[in-house]
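Chemist: Mind having a look at this structure? Questions to follow.
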């Protein structure tokens, strides 16, 4: 399930997709897509006409046959585009499905019960209690009632390192299909079989549960409306042509006379009537071809593939969107609420300076700090050892020989340290150290508080170091802002997205880090209520807000946010409240999620623009071909110099069908996306897909025409 | 083409550009109910009107209420005008003793004036009494234009208002548009035209003996007042049958310049009013830009084409531009400015015969109308027509910036799009549908004077003109027949109200939405890029629909012309 690179047309996906393209000819399935449904409808009509012509032995059957065949290819290629997009999801779903197979649950009558009954996991109901021992697969989604265990969630997340799950708190949710590695858990089942997280994931990646997104629905309205306009444009042609052929026929006879203007409307009238009775000179099959090339089949065919591919891109990124709507909303996000820790800063603080008190050598302070940290395995502790080594060349001593006794950090003392060679060294929170020193009746140098203040203002955390009751100085710990994050925020700002840093730190520290990281705003000492309030305020200003969260108390904010990404490690409540789940539980991904949403919308817009711009060339291919028999002058519109009317029509319809296949990779991969302001994106995309859409078919149809004539198809 | 001609065209655009902003600002203040120069004089009158009619100016209407009021008002206007025309024979101010108008012509004419089309199946001086002209037509010239402005205001309010269920008060918008805008402008313009020599009287037609000794009946009447509003209000129905090609309706070059300026003036100013209403004048300039570029392109193409002249005439040794059907007093440049502007602006008044333009010139005229009368367009109608295309443009291309489409801070979603497509569809439905019927119906074909592509152009032009509420015609068509009058009447109705009603529904739906805050990520709708996009969408979505029909009409005729074949 981990982002496995799929080649666009995996051979294993190809065959089932081809089969599916035929299966999707089922009218019920076609009806979901108005443009392709209309195409299939007129293709069926053209087939009927062809059969009638064949029975009456009408001329140009080979040509009509080819046109009809390409009409069907257009439908099949559209189906294929959808099938291949779905197929990519199916492959991912299959690997998920394996984990779901045939798990046996050990059901408990009550959480305290000792005896278990074995039932298939599929028969578990919401509210059942089950026991899962080491080595067993968790039979369904639930929350832990009792126990602590390490759980292997790689089946879902692809992350091989086990995670700890325990009852109560924010890590109590377990997911069906994951495996308990150690210890034993009692779990209350919270999702019935078939609606578990895993089931939903499978449905989502398969595209089975795919609902059309609001924008997709609206786009379908546009495409259907444009198709209707072209129904009018094409359906009126026979009448116009009947008039024209009657007019030109009677004109041909009058052309010799001095005045080319026909004096007698009556003759024209009669001519018209007879022409219309004869059905006009325009073949219906050709009109159908014109119609199909004009309606936006390209975007119509690729629309659902784009949507499915967008969801899949998220899945490859180990983010599950619970609805396509959420992906769309991600593109619209104006404000990103980002947790400081892990997103903006590295997870832990690091020592950056030793500040010695007057009368203390910096090296002396560094040595004491290093000694007190040698056995401290926290990242902060290790960073002190490293800093002392870097600055003063101090190497850790062999502790075993020094009769050292290490004192671990505790929440009560808020200090840690070492007793070594009769010295008592402690380091810890400044106020805790100060209190201890005062209790011991020693004095605290006045500079200590001044320096403490200074560090806090700069966004750092001071640790005081004390040896035998004498304050040596401070170690400055600092949040390390992630490399490159400032540039990311600048990019986001260019895209018009405001970033707000959420942190539990006090305002002073938060302001310093916010300034360093380059976020636009921050929310200090953030409580769940403050987050919710912030989201509501932003939304009241007409902005869409994205955030991520994991705890139960994040649930209201996650639900309120337009895009709420819940961490997979989070609680069930959080996962239910969000509209996306990040399987890697990496809050940084919020930024990528926005990018993926934007890319999906851009792909949709680019192909719509391309599809509509194509019409110009298609008109210039078919209109002269259609009318040249009536008015030879109209060959002047044959800008591409297509060989014959038949080859022109055939080339246009072939181009129209093939362009669908040619654009499938683009639909699946998404258009190239570089963050930037809207004006720049628009300029670039208009140039590529608007202008490209105007020019490409002129070249494409010409080439196909050459080929058609070379091979002798007409 | 001459330098002088291009300078005339340049002067036209310069004058338009200079007047847009000041007049737009004035309109904005009027419709926001702010104090203007005219308030001291007209304020009491406005309040008096509300008191008499029982309108509560502060009570706003939702989109349904607004639409209902608009439809009711227009229905009453139609019934009144229809009755008046039918009964004119027995009514006063009829010095020529003209009889009542036939039912189908009265139907056609009443619809024509209610829909701001002013299609003339009638001949002004030979069919209508002074009373019909003044009380019937001129009244509708004002209120149909005011209706257009009111609808445009309501549509724009849809974008401006947030989470609101009202679009304004139709009666107030109608009253203010008439009282503060159309009446004062018409009076000023009429006075200017009278000063330039246009008649304004209630006199009998003058009988004159010409130099050759023949008897001539010289028609006259309250011309200037009618001409001023027909130009300003995108009406176009002339006092005389030949409209502003008649010397009394267009006495000299200056009057011609002024009249062609009036064609576009209010429509241009409304783009600026729109910009001010959405609190960003650049938005208005973007629409103005797209309109101006398309108009200039149209003028340029027809100027080139008319200057080429007719090869068949050239073959006879007569060099020079195509002057057939043109007023020699005005020449080619002033004629093409007028013809492009009048078709673009849904006006329909003419100073030269459109039927006699080169096919390419005729193509420009027809396309201007078929693009949905969005190039400046009718008073108000052009603005909401262009907003339709703006909605389509942001929807088609807006996604390319990676956000769901929004225009002026409002998300464009399925409901808005459905209604917009409905409005877009109604035009080709009647235009192409009835043209197709007419081109195979023996009954309809009787009205054609010309055969071949040119005859087809006449049909296509007639239904384009009706659907676009333009009113001009290729004169070769004799459309005063029951079937023509009826079908054209229906076309005018659909072209007007089948567009307005869905658009008001769009406005209602938009007004109810919250606004999206703009940011650097928002699709920019005020720059040159958007102008280009808008033009592209207009030409592809609006124009390509008619490409097959145009190919069989003006396009093939133009190609044939240069192959030495005339129709």
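Every residue gets a Cβ built from N, Cα and C, even glycine.
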Chemist: So which range, B:63-85, B:86-108, gets flagged transmembrane segment in TrEMBL?
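Modeler: Result: B:63-85 is the stretch TrEMBL calls transmembrane segment.
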Chemist: Using a Cβ-Cβ cut-off of under 8 Å, list the residues of the same chain that are 6+ residues beyond the ends of the transmembrane segment (B:527-547) and lie near it.
Modeler: 282, 286-287, 289-290, 293-294, 366-367, 370-372, 374, 386, 389-390, 392-393, 396-397, 424, 428, 431-432
Chemist: Should the transmembrane segment (B:419-439) and the transmembrane segment (B:285-304) be scored as in contact, given a threshold of at least 3 Cβ pairs under 8 Å and pairs 6 or more apart?
Modeler: no
Chemist: Hey, which bits of the same chain come close to the transmembrane segment (B:459-479), Cβ under 8 Å, at least six residues off its ends?
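Modeler: Residues 112, 115-121, 235-237, 342-343, 346-350, 353-355, 362, 365-366, 369-370, 372-373, 378, 381, 427, 430-432, 434-435, 438-439, 444, 447-450, 485, 487-489, 491-492, 494-496, 549-550, 553 contact the transmembrane segment (B:459-479) from elsewhere in the chain.
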Chemist: Go through the chain and flag residues at least 6 beyond the ends of the transmembrane segment (B:134-156) whose CB is under 8 A from any CB in it; none is fine as an answer.
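Modeler: 31, 63, 66, 70, 73-74, 77, 80-81, 84-85, 93, 113-116, 118, 128, 167-168, 170, 173-174, 177-178, 181-183, 186, 222, 225-226, 229-230, 232-235, 237, 266, 270, 274, 277-278, 378-381, 383-384, 387, 500, 503-504, 506-507.
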Chemist: For the transmembrane segment (B:177-198), name the stretch out of B:63-85, B:260-278, B:285-304, B:486-507 with the most CB-CB pairs under 8 Å.
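Modeler: Going through each listed stretch, the top one turns out to be B:260-278.
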Chemist: Cβ pairs under 8 Å with the transmembrane segment (B:63-85): which stretch of B:260-278, B:285-304, B:486-507 has the most?
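Modeler: Maximum Cβ contact count belongs to B:486-507.
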